[in-house]
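Q: Heads up, here are the entries from TrEMBL:
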type	residues	note
TRANSMEM	12-31	transmembrane segment
TRANSMEM	38-57	transmembrane segment
TRANSMEM	63-83	transmembrane segment
TRANSMEM	95-112	transmembrane segment
TRANSMEM	150-166	transmembrane segment
TRANSMEM	199-219	transmembrane segment
TRANSMEM	239-265	transmembrane segment
TRANSMEM	272-294	transmembrane segment
Amino acid sequence: MDFLTNLDFWFTVLRATTPVLFATMAALIASRSGMLNLGLEGAMTIAALCGVLGSGFTGSLLVGAVCGLAAGIGFTMLLAYFVQHLKANQVISGVALNLAASGGSVFCLYSITGDKNASNSLASSAFPAVQIPVIKDIPGLGDVLSGHNSLTYVAFIVTIVMFIMLKKTSFGVHIRAVGESEEAARSVGINVKRVRYQAMLISGTLASLGGMYLSMGYVNRFTSGMVAGRGYIALATNAMAAGNALMGMVSSILYGFGSGISIYLQNNNVDPYLITIIPYASIIVFYVLFSLYYKVRRKTEDSL
């Protein structure tokens with residue numbers, strides 16, 4: 001347990017938390033509007049690839065970011081169109097698009113670079129790291145909180161904005177109203193389709209940022225399979241959050257904690273298969289604990 005006092009371990013936890021936190025917020029705003037964005041995995045994959053291709057061919061971080069955002073948002077809005085206009089099943093549509101993104105990303109990568117596994121031949125740009133004034137000079141705290149990729153700070157800022165937006169703004173009230181009762185929302189003049197499209201637009205943007213963090217922040221290349229189920233993990237962390245953005249941040253950090261442990265154990269001669277499963281097993285454990293907590297809380301509230 002000595003890793004708990006290791007500052008590098010906690011730095012790693014925040015790094016590992018970032019993509020899942022983006023995806024959790026993406027899942028949260030979609031679910032609050034009554035949509036199940038099962039296409040998070042695919043959106044993150046497409047955004048990660050297109051961000052690298054855009055920045056690699058142009059040498060511009062901005063162009064790469066725009067390409068990644070456009071691809072991820074377009075992917076998510078396609079899912080929204082299937083569900084909202086064509087009345088397709090959300091689960092089937094999401095899984096189908098994820099499979100298309102998984103296979104399509106490998107095909108595109110091979111067609112463009114001649115490599116099926118990674119974009120090593122492209123000199124991709126990366127989002128810069130940020131040193132926080134004052135905090136960086138505080139022993140211990142600066143080692144953990146300062147020096148992260150800029151998208152890490154964006155993820156935590158987005159969480160706070162999401163919490164305030166859903167609780168305090170009219171747009172947030174509309175999202176919650178549509179998610180809780182579509183008929184009631186329509187009866188007071190809320191355009192349900194428009195609100196859900198807007199929610200999915202934000203969801204796609206956040207998922208894209210999570211994907212680009214993996215290929216233009218965590219590392220600066222695209223690797224086949226690099227999203228590694230984080231889009232699906234976000235559905236679990238969102239379920240643990242129970243619609244609360246701050247709880248979504250906590251559940252994402254718990255995933256980051258599990259990932260941090262697996263990275264730490266890589267240097268301690270532990271079975272690599274066990275190391276791989278730790279982040280996912282930790283989410284299962286935490287999900288059960290959160291479910292028990294919510295069950296006990298509901299019983300307590302009902303008894304009052």
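Cβ atoms here come from the backbone N, Cα and C positions, even for glycine.
Model, not experiment: these values are computed from the prediction.
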Q: Of the stretches 12-31, 38-57, 199-219, which racks up the most C-beta pairs under 8 Å with the transmembrane segment (239-265)?
A: 12-31
Q: Does the transmembrane segment (63-83) reach the transmembrane segment (150-166), going by 3 or more CB pairs under 8 Å (6 or more apart in sequence)?
A: no
Q: Are there 3 or more C-beta pairs under 8 Å linking the transmembrane segment (95-112) with the transmembrane segment (12-31), counting only pairs at least 6 apart in sequence?
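A: Per Cβ check, the transmembrane segment (12-31) does not touch the transmembrane segment (95-112).
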Q: Would you mind listing the long-range same-chain contacts of the transmembrane segment (95-112), meaning Cβ under 8 Å and 6+ residues beyond its ends?
A: 38-39, 41-43, 45-46, 49, 53, 75, 78-79, 118-119, 222, 224-225, 231
